[in-house]
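Heads up: the structure comes next, in structure tokens.
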Amino acid sequence: MTQQPPDVEEDDCLSEYHHLFCPDLLQDKVAFITGGGSGIGFRIAEIFMRHGCHTVIVSRSLPRVSEAAKKLVAATGKRCLPLSMDVRVPPAVMAAVDQALKEFGKIDILINCAAGNFLCPASALSFNAFKTVVDIDTLGTFNVSRVLYEKFFRDHGGVIVNITATLSMRGQVLQLHAGAAKAAVDAMTRHLAVEWGPQNIRVNSLAPGAISGTEGLRRLGGPKASSKFKYLSSPIPRLGTKTEIAHSVLYLASPLASYVSGIVLVVDGGSWMTLPNDIGRLLEFESSSAKL
């Protein structure tokens, strides 16, 4: 098998790419990707486009997604529509979906990748900080899924992939807010898979582990996060890459997974089973007076 080239830490397209799947796996499909202007969402958009898909990438920052769209189109030759949208505001979601449908005439795939996170012990977590994460992660996922269902998926079918996390699987310290929000999304995945399956809609979650070159790793692991996690105490002792996550999402969104619905696909090298909780870091946080 051809060796995959190293990933790119920054939000840039890969300098070279060797297809592991058929290049036309998503030929002429249209994917709506929240959080598509950076990190994992950006790489998902790139990998989808390298497999024949057109994309709509959305973020609150129009300059960010506009710049990302230019890079994606230049690297892949596929169409990419950048839109500004706040997943927490249903009217904004409706307007963005309407604009995407006007541009492409359809949406085949929804990737819910928008998220918010930070480190904080539960004892210092403000009511507003907790609500903000739930609003983005949980309510945002519902808002976009519900709007797309009403405007297209109910009558035409579709695929939804929710990007979640492994935090709730082992009670990760300093992550109550994100763990609870993402666990709710995993529950939503199962409920929607059951309720919307008869309309030919598949719904799955993908839970990444520690992934290099992402804002999440930088924010949660600090400025030296990549070197800090170089030798993880996990079955596959290294950080994952954005490309590896994107390939897994590609599988779930493609006809290869045509009979897969309602699952949480964990892509973390097995680290959720072996990576220890950092109780010492929890104590450091709790000894400070800072509250979020």
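Cβ atoms are placed via backbone N, Cα and C, with glycine included.
Just so it is clear, the model here is predicted, and its values are computed rather than measured.
Sequence annotations record features per position, and here Swiss-Prot assigns NADP(+) binding site to 35-40, 60-64, Asp86, Lys182, 208-214 based on similarity to another entry. Secondary structure from DSSP puts Ala210 (NADP(+) binding site) in coil.
Residues annotated as substrate binding site in Swiss-Prot: Arg60, Arg88, Phe118, Ser126, Phe127, Asn128, Arg219. The Cβ neighbour count for Arg88 (substrate binding site), using a 10 Å radius and every protein chain shown, is 17.
Counting every protein chain shown, the Cβ of Lys151 (N6-acetyllysine) has 17 other Cβ atoms within 10 Å. Taken from Swiss-Prot, the feature N6-acetyllysine applies to Lys151 (among others), supported by similarity to another entry.
Annotation comment: Swiss-Prot describes Ser287 as phosphoserine, evidence class similarity to another entry.
According to Swiss-Prot, the feature N6-acetyllysine maps to Lys291 (among others).
Taking the binding-site residues Phe118, Phe127 in turn and counting surrounding C-beta atoms within 10 angstroms, the largest count is reached at Phe118. Each of the binding-site residues Ser38, Ser126, Asn128 was scored by the other Cβ atoms within 10 Å of its Cβ; the lowest score goes to Asn128. Across the fold, the C-alpha of Pro63 (NADP(+) binding site) and the C-alpha of Arg88 (substrate binding site) stand 19 Å from each other. Comparing Ala210 (NADP(+) binding site) with Lys151 (N6-acetyllysine), their Cα atoms are 35 Å apart once rounded.
Around Gly35 (NADP(+) binding site), the same-chain residues at least 6 positions away in sequence with a Cβ under 8 Å from its Cβ are Gly41, Val58, Ser59, Cys113, Ala114, Ala115, Ile163. When the alpha carbons of Arg60 (NADP(+) binding site) and Arg88 (substrate binding site) are compared, the span between them is 10 angstrom.
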